[in-house]
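Notes for the one structure printed next.
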Ligand SMILES: Nc1ncnc2c1ncn2[C@@H]1O[C@H](COP(=O)(O)OP(=O)(O)OP(=O)(O)O)[C@@H](O)[C@H]1O
Ligand SMILES: [Mg+2]
């Protein structure tokens, strides 16, 4: 029982971290049809800048806010100078965002050197909870709570606000949205910055969780996030949330019971979903929520 | 006075020279119908006005203000409502959400416009919380027209509203469009001559990217030769 609950908690918390990365990816794809391979670069910048700010200031909240700010600034630069010139051209997007990913990952080493960096937990999140003799690590609960709150906030943003309505309409028909007087370029930028901020936040939350950050982790998590986006259905926020949990939980159990196979697992999940439902779990044309 | 003026528009789609010097004007308070066979360039004309396919030469003026060359969303905000040929329905949004979206950047009396549309098209009120994608073809067309009217302020561009609808539905729609003339100027693209000639004040006929005829609808109805030559009506 203890093992089961712990694996579940691990799986859900990892899943929600992946979700933070996948949420931006899926919305950016849904609205702009852009596959942003540089997304993982924003994640790793969030992880490093968060870890660094935490070390310097000893304030975890400041670290998170700083990481999000760094992510959004980099996201703005990316959207404005790399992606905007190649809207509508998938091959160029692929090349240029992959290039962006490499530049973002490698430039980490200029600032923080080539070696992994250790990251500590903030004091107020150290330790664990005990329920009926089952020990659950505090930080994981924290990640779950934050992840769920963010999911809720995103869902409210998309389903209850005017800008959310515009985004959902934009996912369905960009031209018609423009014909209603709405500046779609502005919407693109908003969604891109939102996605960038979430990716950086994911990185900043992951750093103390894994205890160590390294430049290549961006690619590693970006691949997971891409798998999640495809399993969940491109453009669907709920689909990505569901798929993140599946990938996270399945990964945690596999790593424990069949560690040799855990790498193959995601590919297997992907293959099964694509065979059974090629549009992904909740991928229906046009439901961004 | 003409509300909308197209002056010598030349529009290319890719390498194809589609509009080859199109000039038209739409009088305020009128229904002006643009006829022409399939592929004549009617849709491209409306898309050029909306800024989706900008012209390489020529200009579009609305209220004597140049609107060619500016982005679509700003053209829309001048008060031009647009009903595209494929209706452009946001299938996953409800009727309510669609019309609220239409209000978001609209000018003028948006509440009044909304109320009037629900009066004119009671089905929209009935299916207020239904997903637009689940509406019937006729209801989708009503939604597209209501959305454009609420969003616009003074001019409606409607691209072949009769497409794919039953004769009864077409008749109902044409009646509604005629009623809407009280409050807005309309540029209507149609192939259904019988219906459109009943409600139109002026007409233009387009062929191969050029305007080949224009005038009062009344005169066209009597001009059997032109009708036969360009509209295939005996
Ligand atoms: N994206 C495009 N690229 C190249 N040519 C196009 C494109 N879209 C339309 N065309 C061509 O432009 C011409 C005019 O098309 P348009 O849609 O404006 O005609 P239309 O008068 O609206 O016809 P219909 O009555 O069939 O709707 C046609 O010959 C069409 O084949
Ligand atoms: Mg057409």
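Placement of Cβ uses the backbone N, Cα and C atoms for every residue, glycine included.
TrEMBL annotations:
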type	residues	note
TRANSMEM	A:12-30	transmembrane segment
TRANSMEM	A:60-82	transmembrane segment
TRANSMEM	A:94-113	transmembrane segment
TRANSMEM	A:133-158	transmembrane segment
TRANSMEM	A:186-206	transmembrane segment
TRANSMEM	A:212-232	transmembrane segment
TRANSMEM	A:239-257	transmembrane segment
TRANSMEM	A:263-283	transmembrane segment
Contact between the transmembrane segment (A:239-257) and the transmembrane segment (A:12-30) (at least 3 Cβ pairs under 8 Å, separation 6+): yes
Closest-packing stretch to the transmembrane segment (A:12-30), where packing means Cβ pairs under 8 Å, from A:94-113, A:133-158, A:263-283: A:133-158
Distant-in-sequence neighbours of the transmembrane segment (A:94-113), which means Cβ under 8 A and at least six residues beyond its ends: 34-42, 44-45, 48, 52, 74, 78, 82-83, 86, 215-216, 218-219, 222
Other parts of the chain folded back onto the transmembrane segment (A:186-206), taken as Cβ under 8 Å at six or more residues beyond its ends: 17-18, 20-21, 23-25, 27-28, 31-32, 36, 39-40, 42-51, 63-64, 67-68, 70-72, 74-76, 78-80, 83-84, 143, 146, 150, 163, 166-167, 170, 177, 213, 217-218, 221
